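Here Swiss-Prot flags 99 as active site, electrophile. Sequence annotations record features per position, and here Swiss-Prot assigns active site, proton acceptor to 169. The feature substrate binding site is assigned by Swiss-Prot to 9, 10, 11, 175, 207, 228, 229, with sequence analysis given as support.
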């Protein structure tokens, strides 16, 4: 049985002080609710680099900490970059790779994502590899063609699909308030599974909120969610994972 994995992606939001306040409020509310995570659920947050070393205490210690990016080389003259070894030293367990914002604003290619994926696995980090189509591609009925191409290139030479997570995020639904229908999200995640295998954990991302996550996660081929804005509010995040 595949686990459900819900990761909140904070993107470039919250200072370290704000993150520490989030932890305090998270611990306070979850203690009052006597909240215990489902044994089949892994929940976590992809934090900015400045907050990755945040102290894990109380119920917050049950969450997995993920990074939002790292460099494909172990070390070297790469000013401003972070290595897998540095992430591991901070207790990071997962890393988001190939997010559409990285692809668009920093010109990350499938080939770069592929190198990062292999580097993550080599260093015992779980890569969350993001794929998704633009609104133009969606309207042109090219969604599956685009996803297949991204999967083939980003996951090239991957021998064990149980070592990764794939996050399907239709770009037209990220931060727009538009959400793919549950049927469409399931159809695309099922298609991704046909390109990988039954062991692959597949998340859906794109305007996921407390009021739609339950229906999304009830689908056969949707194993979790990569959540943006809703994870920034501690009460909303708790509603997502409880």
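Heads up, the Cβ atoms here are built off N, Cα and C, so glycines get one too.
Taking the features listed in Swiss-Prot, we show where each one sits on the structure.
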{"residue": "9", "record": "substrate binding site", "Cβ contacts under 8 Å, 6 or more apart": "45, 46, 68, 96, 99, 205, 226, 227, 228, 231"}
{"residue": "10", "record": "substrate binding site", "Cβ contacts under 8 Å, 6 or more apart": "45, 46, 47, 48, 51, 68, 231, 232"}
{"residue": "11", "record": "substrate binding site", "Cβ contacts under 8 Å, 6 or more apart": "48, 68, 101, 228"}
{"residue": "169", "record": "active site, proton acceptor", "Cβ contacts under 8 Å, 6 or more apart": "99, 100, 130, 131, 132, 204, 205, 206, 226"}
{"residue": "175", "record": "substrate binding site", "Cβ contacts under 8 Å, 6 or more apart": "207, 228, 229"}
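Most Cβ neighbours within 10 Å, among the binding-site residues 228, 229: 228 holds that distinction in the structure as shown.
Other residues of the same chain near the substrate site, with their Cβ within 8 Å of the Cβ centroid of 9, 10, 11, 175, 207, 228, 229, are 8, 174, 227, 230, 231, 232. Residue 99 (active site, electrophile) counts 29 other C-beta atoms within 10 Å of its own C-beta, drawing on all protein chains shown. Around residue 207 (substrate binding site), a 10 Å sphere centred on its CB holds 20 further CB atoms from the protein chains shown.
Mapped onto three states, the DSSP output places residue 229 (substrate binding site) in helix.
Under the DSSP three-state reduction, residue 169 (active site, proton acceptor) is assigned to coil, being neither helix nor strand.
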